Amino acid sequence: MNKFTQHLQQLAEIGQKRQLPDIEHQGKFVIARDLTMLNLSSNDYLGLANDAQQVERFLQSIGKNQPLTSSSSRLLTGNFPIYQDFETLLAQRFQRESALLFNSGYHANIGILPAVADKQTLILADKLAHASLIDGIRLSGADFFRYKHNDYLHLEQLLQTHSERYQQVIIVTESVFSMDGDIADLQQLVALKKRYTNVLLYVDEAHAIGVYGQQGLGMAEVFDCIQEIDFLVGTFGKALASMGAYLVCDSEIREYLINTMRPLIFSTALPPINVAWTYFLFEQLPQFTEKRHHLEKLSQILRTEVTKRSEFPLLSETCIVPYILGENQQAVEKADYLQKQGYYCLPIRPPTVPKGTARLRFSLTADLTEQDIMGLISCL
């Protein structure tokens, strides 16, 4: 038995072996195993991916001006005008000096941190920060500690103990945490940062951009601290129904990354037509207020009912609603039951979440109805 077979067998024995699902999409439904199920596992938070009118309007407006491929890195011949137009729009909306686009949120996080951190840098990351952030931290080679989740007293203790030994310290967090749906207190993080002259703040808004804030600019808008975050990162593959990621930052940081960030320098750029689609939707973000309010209403209903039924505390304040069951097999069996009832939800198991907290992760979208949510609740 080779090491690959052995490892796969071990994963199967502990209920952690994964496989790619064989599914088809029909609007807010998915079809798998001959079952038609309401999709409760999508990150299409505003329901834009299924909005045929938006797609039709975009296709009518785009003409033949945007190629289907960039065929090059942006530093060679892949820097099409739509990239610069979109970065200008991002900077204007966030009222920051500049913005920079990337191929994905993963590319952003594994590229920015290694570019800006070195042996004279200390990184302090939230214990539940996304895997892409942790990978970026490890690739950077910088010293790092992971502070207890959303525990700013622990973070402050680490700053007091270690900050003077380093040229710079970077605090790294998500704004909305992807597995628990809870929120970082960005105001408190900004206040901590301001107590030190060598501290920078890196915030990943992947699950917040588009969904929160009056203009849809994420939790940094909600907490009114956009100007205080040194590296404000977000993605387009969730609420914005597209692909890619962005950073809004000072112009000096943008220029530095163009010269040092390997995933940017050595990757073929996103297709211009893809960037044009993202621009088209991002430009409309302030107009999606009704979608955001509807999504929050649905989320509140489900959070209330999950709290009544779960033995575990529910920390979520967002449209990501975990139903923690504990053991892997419990989560697998409950997911299978709900799928048979017509609700496509998936078990989330270690190492994605801590041991003993296997769960179903309900990811709600604005194209769901209150009736959809009540039907799900009746099966919990």
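For all residues, glycine too, the Cβ spot is worked out from N, Cα and C.
Record check, Swiss-Prot: pyridoxal 5'-phosphate site residues include Gly105, Tyr106, Asp204, Glu205, Ala206, His207, Thr235, Phe236, Gly237, Lys238, and the candidate from Ser178, Ser251, Ser267 also listed there is Ser178.
A Cβ within 8 Å of the Cβ centre of Gly105, Tyr106, Ser178, Asp204, Glu205, Ala206, His207, Thr235, Phe236, Gly237, Lys238, the residues given for pyridoxal 5'-phosphate, is found for these other residues of the same chain: Asn43, Ile209, Val233, Gly234, Ala245. Separation of the C-alpha atoms of His207 (pyridoxal 5'-phosphate binding site) and His130 (substrate binding site): 11 Å, rounded to the nearest whole number. Looking only at the binding-site residues Arg18, His130, Thr352, the one with its C-alpha closest to Ser178 (pyridoxal 5'-phosphate binding site) is His130. By the criterion of other Cβ atoms within 10 Å of the residue's own Cβ, the least surrounded of the binding-site residues Arg18, His130, Lys238 is Arg18. Taking CA atoms as the reference points, Arg18 (substrate binding site) and Lys238 (pyridoxal 5'-phosphate binding site) are 22 Å apart.
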